Amino acid sequence: MDKLTDLNYTLNVITLINSTLHTILEDPGMAYFPYIASVLTVLFTLHKASIPTMKIALKTSKCSYKVVKYCIVTIFNTLLKLAGYKEQITTKDEIEKQMDRVIKEMRRHLEMIDKLTTREIEQVELLKRIYDKLMIRATDEIDMSKEINQKNVRTLEEWENGKNPYESKEVTAAM
């Protein structure tokens, strides 16, 4: 117990571990050991996980070819990702799905363009009608009677018997 609390002893153990690790890593054959170990671990995991999964999938699936193809493509894509590649292997089914998706998107865009052009044509026709109604038409004489609200005003010649109805009359009242 005293040795565990001794600082010098602890430092000596750490130094011993570090020197051991450095001698292992300095060996040229051991320099790639972590990479080799990680690749072997991944391959072992894929082997242990994929074989039972493929057996079950082949027994339960009606189309075993597609299942095998999908599993192999998935394994290769995983290995490519581990190797650092951004490209992936795609099957014909995936390409067809992507093409169908692109075609649907293009159809949607074409329908939208068709709707927009129809609306624009309608707007142009509406603007033409508005312009035609707003066009200034030349007239010989402009009737201003509607504008100044004097349509029912009569001149002196038009009054009955030439009398002005608005002139005051002499009114006599009995008292």
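Glycine too: its Cβ is placed from the backbone N, Cα and C atoms.
Record features (Swiss-Prot):
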- Glu120, Gln123: Ca(2+) binding site (BINDING)
- Asn8: N-linked glycosylation site (CARBOHYD)
- Asn18: N-linked glycosylation site (CARBOHYD)
- 1-28: topological domain 'Lumenal' (TOPO_DOM)
- 52-175: topological domain 'Cytoplasmic' (TOPO_DOM)
- 29-51: transmembrane segment (TRANSMEM)
Model confidence over the topological domain 'Lumenal' (1-28), averaged pLDDT: 61
Chain-internal residues, separated by at least six, CB under 8 A from Glu120 (Ca(2+) binding site): none
